[in-house]
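Take a look at the structure below.
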Amino acid sequence: MLTIILLLIASYLLGAIPFGLWIGKIFFKKNLHDYGSGNTGTTNTFRILGVKAGISVFAFDLLKGTLATLLPLFFHINGVSPLIFGLLAVIGHTFSIFDRFKGGKAVATSAGVILGFSPLFLIYLLVVFIIVLWLFSMISLSSVIGAVFALLGILIFPSIGFILTSYDLLFSIIIFVLAIIIILRHRTNLKRIKNHCESLVPFGLNLSKQKEK
């Protein structure tokens, strides 16, 4: 039991590591909270610190979720689903004890959790993400629609035997929680999308015809 408790705490602390914030401060002498959206996640890192830093932060944030999900396998823990460990990493990422309980928008770390538990489901979500990004050139919209399609996937796929061969109650609950976290963390982005002032990326068709900011 003590091992399980320690690993659950470790999962939160692993997720709480604010790679974007630390990389910005150490290598660029910039506090991401003072630039752009003020967020320490992948998108703001790309915009403020550049491609290399953005890719690094994305990879680290993704791995946080995957490693936390795999911790019980590494330590041969039974009786607690790997998804619980992954969820704690996402909570740590979103409400980091190392950053005054601030954090990212949970997209990359949630993707890491799904990668560690159901890689095929992540591929499905990645396809959705890329299609939406190509059409509208908005990372935020792609993330939110990806979260919605995750909810649709856990409802529909088990009934048709596609990707998810059977209903998994805990997986469904975790996906629901992750999707809600992602959507709520993008509230301000959704308002900007509604007002046609959301930031765009130089990729895709931009069917909204909004000017890049």
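Quick reminder: no glycine exception, Cβ is built from N, Cα and C everywhere.
What you are looking at is a predicted structure, and each value in this text was computed from that prediction instead of being measured.
Annotated in Swiss-Prot:
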TRANSMEM  4-24  transmembrane segment
TRANSMEM  48-68  transmembrane segment
TRANSMEM  71-91  transmembrane segment
TRANSMEM  113-133  transmembrane segment
TRANSMEM  144-164  transmembrane segment
TRANSMEM  165-185  transmembrane segment
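The stretch in closest packing with the transmembrane segment (48-68), judged by the count of Cβ pairs under 8 Å and taken from 4-24, 113-133, 144-164, 165-185, is 4-24. If one looks beyond the transmembrane segment (165-185) by at least 6 residues along the same chain, the residues whose Cβ comes under 8 Å of a Cβ in the stretch are 81, 83-84, 86-87, 90, 94, 104-107, 110, 113-114, 117-118, 143-144, 146-148, 150-151, 153-155, 158. Under 8 Å from some Cβ of the transmembrane segment (113-133) lie the Cβ atoms of residues 62, 65-70, 82-83, 86-87, 89-90, 139, 141-143, 145-146, 149-150, 153, 163-164, 171, 174-175, 178, 201, 203-204, all in the same chain and six or more residues away from its ends. With a cut-off of 8 Å between Cβ atoms, the residues of this chain six or more beyond the transmembrane segment (71-91) that come close are 3-4, 7-8, 10-12, 14-15, 64-65, 106, 109-110, 112-113, 116-117, 170-171, 174, 177-178, 181.
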